[in-house]
Amino acid sequence: MEENNDKLATNSYVNLFINRHEHAPTYSIITHGCQMNEHDSEKIKTLLENMGFEKSDEKLDADFIIFNTCLVRENAEMKVYGQLGALKNLKRENPDMLIAVCGCMMQTGPARDIIREKYPQVDIVFGVNNINSLPYLIDRHLSSGKLVVDIERKDDIDEDITIKRDNEYVGYVNIMTGCNNFCTYCIVPYARGREQSRSVESILSEVKRMVDQGYKDITLLGQNVNSYGKTLENPVTFTELLTKVNDVEGLERLRFLTSHPKDISDELIEAMGKLDKVCENIHLPFQAGSNSVLERMHRRYTKESYLEKVEKLKKSVKGITFSTDIIVGFPGETEEDFQDTLDVVRKVGYEQAFTFKYNRRPGTKADLFEDQVDEDVKQDRLERLLDVAYPIFYEKNKSYLGTIQEVLIEGESKNNPEVMTGRTRTFKLVNVKCDKSYIGKLVNTKIVDFNSFALTGEMVD
């Protein structure tokens, strides 16, 4: 009954808005952070459109603006505050405008306090587990005229709504949320809570529904997918789930994100080599190459065990490609430690790397470490890391020259409407000159050019 009341209240708001302004209220969602946040934003989009909101063409010019925030990096946090500040005058000119802030930042008390004290233009604050309460929160704010906050944690994952995704052929399916690892630099377990897994039945139902809608490339999403199933009443391994999803008729490609190196089992590695829809690509963050740094990070694997798993993956999955996350300048990192990181980069031969200077996150254990590395040293190491990584990316892409690759055409190039972009099974970005009729299709493409970050192809029969 409560759900129906929420819908009635929110529809009343939309109807009132239409009567006042003679058009439906518009919305804009500004998303910071990881693929989990992107997926959450799609859920918010679905709720708003079901209420009667229409998407705005302008990010910072809409009747309802939602900021989906990230807490992992300080610069993402600062961007949100800057964008909120820019809306102060706009809100004064348009008092009917609604502003909401959600996501990982809002799971921490200090960030919520800053919003309360410095950004009175914000109307609604909600957490990562409270997205489905948005209709009710809108109504509460309109009734009270005051800031409404809902960050209460839930013990289950609510994934019942049919999500309206931004891409019609490539999509993400959330299989779990939270993390139990508590790496010393990471705020995620505090923001998203402990691991919770969706049921196999719920996941398979969503995958089948997406395939029926035309989706061809699906990524199973979680903070640490290799821990999937441990919290279920009848525990299931991630390998068992992957096998069941692989069997869904009509699905073309299957991926997963993200994996923790300590949890990748021999069973999973073997399955990746046998399951025909599982793509030859894995994102495997190693963060640092030094065992002493890894221990201080509480990663619970060593440089040697990481490289051993990489070799097993290379043997099991023909042509597999690797991407990773790397942090330089972690507290206590010496030049010798940094050289260990460069050694891993050279030995693995990554196709892509997300590289970061360590930045302190209040509330994490590493923030309390006394031996912080100077900023200029961090910057120097980041630049030297990229000097090693970029030539590897270049040589990896060069190896595709003249080969025929299966490419799923995903949409128009941002730079040239006559060029479409797509991905190979190994997650290589390919620019292909063809018309829009090929969007959503798998096409054989000959690679004729490249740079460090993308390939250029021509369609072949």
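Placement of Cβ uses the backbone N, Cα and C atoms for every residue, glycine included.
Annotated in Swiss-Prot:
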DOMAIN    25-143  domain 'MTTase N-terminal'
BINDING   C34, C70, C104  [4Fe-4S] cluster 1 binding site
DOMAIN    165-395  domain 'Radical SAM core'
BINDING   C179, C183, C186  [4Fe-4S] cluster 2 binding site
DOMAIN    398-461  domain 'TRAM'
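The average pLDDT computed over the domain 'Radical SAM core' (165-395) stands at 96. Of the listed binding-site residues, namely C34, C104, C179, C183, C186, the sparsest CB environment within 10 A is found at C34. When Cβ atoms from all protein chains are considered, those within 10 Å of C70 ([4Fe-4S] cluster 1 binding site) total 22, not counting its own. Each of H32, G33, M36, N37, T69, L71, V72, A76, G103, V188, A191 belongs to the same chain as C34, C70, C104, is absent from that list, and has a C-beta within 8 angstroms of the C-beta centroid marking the [4Fe-4S] cluster 1 site. Taken residue by residue with DSSP, C183 ([4Fe-4S] cluster 2 binding site) is part of neither helix nor strand, so it is coil.
The residues near the [4Fe-4S] cluster 2 site, meaning same-chain residues not in C179, C183, C186 whose C-beta sits within 8 angstroms of the mean position of the site's C-beta atoms, are N181, F182, Y185, I187, V188, P189, Q223, in sequence order.
The distance from the Cα of C183 ([4Fe-4S] cluster 2 binding site) to the Cα of C34 ([4Fe-4S] cluster 1 binding site) comes to 17 Å. Helix, strand and coil residue tallies for the domain 'MTTase N-terminal' (25-143), in that order: 63 helix, 23 strand, 33 coil [DSSP]. For the domain 'TRAM' (398-461), DSSP puts the residue distribution at 4 helix, 33 strand, 27 coil.
For the pair formed by C70 ([4Fe-4S] cluster 1 binding site) and C179 ([4Fe-4S] cluster 2 binding site), distance between Cα atoms is given as 15 Å, rounded to the nearest Å.
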